[in-house]
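Notes to accompany the following structure.
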Amino acid sequence: MRLSLFALLVTVFSGVSTQSPIFGPQDVSSIEGNSVSITCYYPDTSVNRHTRKYWCRQGANGYCATLISSNGYLSKEYSGRASLINFPENSTFVINIAHLTQEDTGSYKCGLGTTNRGLFFDVSLEVSQVPEFPNDTHVYTKDIGRTVTIECRFKEGNAHSKKSLCKKRGEACEVVIDSTEYVDPSYKDRAILFMKGTSRDIFYVNISHLIPSDAGLYVCQAGEGPSADKNNADLQVLEPEPELLYKDLRSSVTFECDLGREVANDAKYLCRKNKETCDVIINTLGKRDPAFEGRILLTPRDDNGRFSVLITGLRKEDAGHYQCGAHSSGLPQEGWPVQAWQLFVNEESTIPNSRSVVKGVTGGSVAIVCPYNPKESSSLKYWCHWEADENGRCPVLVGTQALVQEGYEGRLALFDQPGSGAYTVILNQLTTQDSGFYWCLTDGDSRWRTTIELQVAEATKKPDLEVTPQNATAVIGETFTISCHYPCKFYSQEKYWCKWSNDGCHILPSHDEGARQSSVSCDQSSQIVSMTLNPVKKEDEGWYWCGVKEGQVYGETTAIYVAVEERTRGSPHINPTDANARAKDAPEEEAMESSVREDENKANLDPRLFADEREIQNAGDQAQENRASGNAGSAGGQSGSSKVLFSTLVPLGLVLAVGAVAVWVARVRHRKNVDRMSISSYRTDISMGDFRNSRDLGGNDNMGATPDTQETVLEGKDEIETTTECTTEPEESKKAKRSSKEEADMAYSAFLFQSSTIAAQVHDGPQEA
């Protein structure tokens, strides 16, 4: 017993929670002898387009007997008066039934499937008897809120008699209006009696803003007593029959409203029926339901009262009955014209689920994926910003063939991905003013319109991608390189540079894709991707983006503007460098370069070297004094001094010649290496190991330069760089090597040292002589 009850509950709840994707009119009414057309909707799939469609009548036992199907079956009772037509291009099928009788009243199902237990929708059909009217009764049929004009004829004898219109209420006939200017209070400001032109046998009564209670039998009368002329008029006031709208979840719907010229100057609205009331979701006076914020637009079509309401990003709760109308208050009022719709939201949507909210931070970027119908890959794509004015508007910011709107240059681009069923919109350099709602649109299938809310918060840290400085200047004809730093989390992603223009951001080739003017290289060990312009041209000026992506999925980006200027006359030509790379690598390179310059200055200004030079000069002066005294004393002393001087100058001249040759060779080698240098190679050639091991390798023969302090500073810098490297990279071995500049310094230091030694010998020689 418990098991059976559990199975029953499961069946009941599963039936409640599962909504059939078939949709049609719930209630259909007509009168005997007339015809009806019943339209049923089904999901747009290949299987549904080709499967069996049927129309069956439910019996008391729950069995549904087929009356007509798309397989060609037609029951006897429908023979000659019914048809079923499938419209696969619209995903609908229509059942037409003619010559209705009261016996056709009942419950029916329209559905899909090989049996009548497949997918279906319940329809109730009611056929009424033809109403009986008195002889010569004219029938007027009007919708609620409209105006009816009742025509009343009379004979010439009653041309000057009293005219009136009354409404039958049981056996009595209550006057609505007469020619004495009497008007029933319930018809005040709505009923008018008049005659047209020179007509002497017809008068007219207009009743405007019709309401359901106005329906009934009316009597026109001209004259009094037995000679009076009377006409009967039956007025039927109908509720507007709702138009069916079948839409997929996450798609869009448009309500086209045409209320007529009589309300062209009144405020318009769209409301959703809720039991006895109709709640306004938008009107032309600025009222808007918060549940539709960012996804609704009201657009006037012309001056005749036509307007449309577009809703995107449909949700399950959007299904229901809607009405559009007009009134000076912008709210529904009885007796004013309305149009009605019934919206069905199919949860088995072909539109993929996408993010409805995207978050970003100031200075950062967002990449928004917009789906579109894959069958329309050649359609034009757009992206617009929803603005909350009175009716709502969405001006286009960018499109596949549209220029980027002013104010978004350099920071907005649309990347079309044909065949993928989606395109990507990237917006960078975010500000809090960018927060709001955005729409993805195409000029194809109007159902594929999606809404995204962008939320931009204040940044609390630096962006993941960073290029500094934000304003860079390149010189025409020179080589320009700029670096983009990225964190370790982007290590496995593809890094790229692209040049922004009004028609997108075109990705630049990397070095291994061939030599071109603009190229990109990536240094994984230092997490830098660099862009090089070689040589710089005037057309290279503009915005450049550095970004990351995985396949066709775009990630973060950052932007920089590169200005291009002519080389000033007399300015030096610096080939391998650029201001941006120098600024970015300043903490590392400036410390290295300043240390090298400090080492060179200390070597040149060493006081010991100046002391040695002074000793050579003093030794020469002392030798002259000794030679002068020798000349005064004896000729033998003069001859001995000349021999000593000759033996000293010859080796000194040879040493000077050897030193000059060594310096020249070192300078030539240094010049060749400089020609191959760039900023990055300079950082590689002069490694930390060179400064640590230079003393052991003879690079610091001048001990007065006190290199210990310099080595301490450089070692500390090297340790900082090691800790900031990505842990995924193996540590590079540091090999000590001697640069060409150090070799030149070594040769020059050796020359000075040997010169000081010879000078000391010259100083000692004459004394011993």
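A Cβ is built for glycine as well, from the same backbone N, Cα and C atoms used for every other residue.
Look at Swiss-Prot and you will find 19-643 tagged as topological domain 'Extracellular', backed by sequence analysis. Summarising the annotation, Swiss-Prot assigns disulfide bond to Cys40-Cys110, Cys152-Cys220, Cys257-Cys324, Cys370-Cys440, Cys484-Cys546 and lists sequence analysis as the type of evidence. Annotated N-linked glycosylation site per Swiss-Prot: Asn90, Asn135, Asn206, Asn471, in sequence order, evidence recorded as sequence analysis. The domain 'Ig-like V-type 2' annotation in Swiss-Prot covers 135-237. For 240-341, the entry in Swiss-Prot reads domain 'Ig-like V-type 3'. Residues annotated as domain 'Ig-like V-type 4' in Swiss-Prot: 353-457. Per Swiss-Prot, the feature region 'Disordered' maps to 569-604, 619-640, 719-741. What Swiss-Prot lists as compositional bias 'Basic and acidic residues' is 595-604, 731-741. Residues or ranges marked as phosphoserine in Swiss-Prot: Ser678, Ser687, Ser694, Ser740.
In the domain 'Ig-like V-type 3' (240-341), the DSSP tally of helix, strand and coil residues is 9 helix, 49 strand, 44 coil. Cys484 (disulfide bond) has a Cβ environment of 28 other Cβ atoms inside 10 Å. Around Asn206 (N-linked glycosylation site), the same-chain residues at least 6 positions away in sequence with a Cβ under 8 Å from its Cβ are Thr147, Val148, Thr149, Ile150, Ala191, Ile192, Phe194. With Cys110 (disulfide bond) as the anchor, the candidate recorded positions are Asn135, Cys152, Cys220, Cys257, Asn471, and the one with the nearest CA is Cys257.
Within 10 Å of Cys40 (disulfide bond), counting C-alpha to C-alpha distances, fall none of the recorded positions Asn135, Cys152, Cys370. The predicted model assigns the domain 'Ig-like V-type 4' (353-457) a mean pLDDT of 92. The DSSP secondary structure for Cys110 (disulfide bond) is strand. Note: the Cα of Cys257 (disulfide bond) and the Cα of Cys440 (disulfide bond) are spaced 24 Å from each other. Of the disulfide-bonded residues Cys370, Cys546, Cys546 has the largest number of other Cβ atoms within 10 Å of its own Cβ. For Asn135 (N-linked glycosylation site), the same-chain residues lying six or more positions away in sequence with a CB closer than 8 A to its CB are Asn232.
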